[in-house]
Amino acid sequence: MAQSVLLTGAAGRVGQAVLGDLADEHEWRLMDRDPPTDDHPGEFVVGDVTDEETVREAMEGIDVVIHLAGDPRPEAPWDSVLTNNIDGTQTVLEAAANAGVEKVAFASSNHAVGAYETEERTPEMYQPHDDYLLDGTELPRPGNLYGVSKAAGESLGRYYHDEHGLSVVCVRIGNLTQGHPPIDYERGQAMWLSYRDCAHLFDRCIRAEYDYEIVYGISDNDRKYYSIDRAREVLGYEPRDNSAHHDDDSSA
Ligand SMILES: NC(=O)C1=CN([C@@H]2O[C@H](COP(=O)(O)OP(=O)(O)OC[C@H]3O[C@@H](n4cnc5c(N)ncnc54)[C@H](O)[C@@H]3O)[C@@H](O)[C@H]2O)C=CC1
Ligand SMILES: O=C1O[C@H](COP(=O)(O)O)[C@@H](O)[C@H](O)[C@H]1O
């Protein structure tokens, strides 16, 4: 059944990957502080996710929120991640809880756990012979303030699940790259997320039933240091791409 989905950060890369495959699958309300530049499904709300009134209005009649809006730069300064990522996420979760929204999928990041990539473990952990694996049960360990903001978003999700009953899934997205895995970048190849796997993963976040979850959002890459078992079990995620098998299939 089509669900009514609010997609924040809709004008960005992840938003475009999601809409690229799912435009006809759900009833969309899109939100971004940047106005749309192209055709888009559903209505488009131009506004900031830190603006309580705009977010409250955007939440009306919504079943599921995919919250992508934020500053995605690993080197982003504190004032930006504090406002856009932490305050923005709290504003979205509060409005979702008040509006009776069922589920929220939050775009977390590999950078919430970036400091597990220690000098002792790298570059081996990026390579096929290494079996080091994070599975989402480990504590956050950010290596930058952007990662701190994503860890804070995960904690906010935990709070709004426990205290307000929202179903929340935090997707620690790896490296979304269109058409092919990152070139000459072992780390990025190990955490590659293709566009079609990204759309499929967020589709599963819309359709599946869960309480509070942290999953990794990467393709089924031969070498991976993030487990996708939990995403498979809880969400029914079945990725089709693998950075090791990539054959220039532009559908990825
Ligand atoms: N692209 C990737 O590989 C990864 C992305 N992520 C996360 O996924 C989300 C989306 O990332 P991308 O699409 O790559 O970034 P992007 O920069 O392409 O898109 C982000 C969108 O959010 C909007 N936005 C930012 N702050 C806003 C605010 N305060 N109010 C309303 N709209 C706002 C921007 O206008 C932009 O359209 C981010 O939260 C990012 O941290 C996480 C891990 C990897
Ligand atoms: O969270 C994010 O991670 C990806 C991959 O990280 P990188 O350190 O390999 O660049 C990054 O491309 C993206 O912009 C960011 O939001």
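Using N, Cα and C of the backbone, Cβ positions are placed for all residues, glycine too.
For reference, TrEMBL has these:
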- 5-176: domain 'NAD-dependent epimerase/dehydratase' (DOMAIN)
- N84, S109, Y146, K150: NAD(+) binding site (BINDING)
- Y146: active site, proton acceptor (ACT_SITE)
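Positions of TrEMBL features highlighted on the structure.
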{"residue": "N84", "record": "NAD(+) binding site", "DSSP (3 states)": "helix"}
{"residue": "S109", "record": "NAD(+) binding site", "DSSP (3 states)": "strand"}
{"residue": "Y146", "record": "NAD(+) binding site", "DSSP (3 states)": "helix"}
Between the binding-site residues N84, S109, where is the Cβ count within 10 Å the lowest?
-> N84
Where the criterion is a Cβ under 6 Å from an atom of ligand 2, which of the binding-site residues N84, S109, Y146, K150 meet it?
-> S109
Integer mean pLDDT for the domain 'NAD-dependent epimerase/dehydratase' (5-176) = 97
Determine which residues of the same chain, besides N84, S109, Y146, K150, have their CB within 8 A of the center of the CB atoms at the recorded NAD(+) site, and list them by sequence.
-> G70, D71, P72, A76, V81, N85, S108, H111, A112, G147, S149, G153
Out of Y146, K150, which of the binding-site residues has the smallest number of neighbouring Cβ atoms within 10 Å?
-> Y146
